[in-house]
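The next block holds one structure in the form of structure tokens; read it before the comments.
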Amino acid sequence: MQYTEIMVRYGELSTKGHNKKSFIDRLGVNVRKALHSFDQVKVHAQRDRLHVELNGADYDQVMNRLKLVFGIQNFSPSIKVDKTFEATAEAAAQMIAEQVDKPITFKVETRRSDHQFAIDTFEMNNKLGGYLLDKFPDKLKVDVHHPDLTLRVEIRLNGIFLSSETIKGAGGLPVGTAGKGMMMMSGGIDSPVAAYLGMKRGVSMEMVHFFSPPYTSPQALAKAKQLTERLAKYSGSIKFIQVPFAEIQETVKEKVPEGYLMTIQRRMMLRLAAALMIKRHGLAIFNGESLGQVASQTMESMLAINDVTSYPVLRPVLSFDKTEIIKIAQDIDTYDLSILPYEDCCTVFTPPSPKTRPNVKRAREYEKRLDIEGLMQRALDGIEITEIHPGEDYLNQNEDVFAELL
């Protein structure tokens, strides 16, 4: 069956009151961005539904893109027919013939926005349901409460639209409706999941990745970019900000006691992330910390690290077990990349026994040994920004260096 359009139903947007229009407008922009490669597709974002006119585009390909767009509760492929009962009945019979191969229960559910149409919703439900029962007596039985199949009929000004399938969307809120966040992106399992969860709540993410050549390899940088590419399919594109961090790590290792290396390094990372957030008009910093998962992720450690900024530091996976984080990573296709064995700057210079309950005052005292302003300025002067789009391959750009490790 050649579908005419896809009817998209909103998720939480239906509860947004006076802000609903801005949320719907943003969702329309995001859907158009997700479907930009389909030249013939037209997107119409309306108050109660979003309609994607296929105009001959491949339904399966369009559907796979829509599944990744946050803010969509579900959607249904539909066909458009002339505004007559005869055309509606013929199309409905074709749908049943193609989709039903064993006895099932069903119901007809009609919405009518064109109140000039001669048949009202109650009459359409009864008349069309009776027609289908007569035509398929061995296949169909009515159940209005828990049917196996719901045949939806929408009577609009420009035609009648029929659908019988409902496909689950990504849920959440449209990316961009909650403002911009700076994600402290490592190459591990947790931070891509945290970024995904933040994006699902409407945050437009920019990735901040600290790299420390020669202590970290080109492979580690390429892996972080490829992880960002996996996440870009949820928002269209993501800016990746790489921050040189080797000088800071070397200086901290030289001047700070071993037990506080991790704490001071992370305080410097947070300072840099906050500086970038201000410069790039963000509203919050995100990271992948999970309470108690490793020695540096205690509440005392978080308190000592957060001391350097008054801006919000949000941790979407804070209360998740590792198994829960891994499950999400597998679902969003980042897990296999995350476990590739390339060290990032969070794992180099790691002391054997970091302080699990660092003292804030002591951390401040140790930092007096550092030229914090100079170190930060040189790091910020060396940043590089890459716009990462879905489908880009950063691993093959490093094929030679990867080959010896794979």
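Cβ atoms are placed via backbone N, Cα and C, with glycine included.
The annotation domain 'THUMP' is assigned in Swiss-Prot to 60-166. What Swiss-Prot lists as ATP binding site is MET184, MET185, HIS209, PHE210, ARG266, GLY288, GLN297, and the listing cites sequence analysis.
Fewest Cβ neighbours within 10 Å among the binding-site residues HIS209, ARG266: that distinction goes to ARG266. Every protein chain considered, the tally of other Cβ atoms within 10 Å of the Cβ of GLN297 (ATP binding site) stands at 19. For the domain 'THUMP' (60-166), the number of residues in each DSSP class (helix H, G, I; strand E, B; coil) is 37 helix, 35 strand, 35 coil. Long-range neighbours of GLY288 (ATP binding site) (same chain, six or more residues apart, CB within less than 8 Å of its CB): MET184, SER186, GLY188, ILE189, ASP190, SER191, PRO192, VAL193, ALA194, ALA195, ARG315, PRO316, VAL317. In the three-state DSSP reading, GLN297 (ATP binding site) counts as coil.
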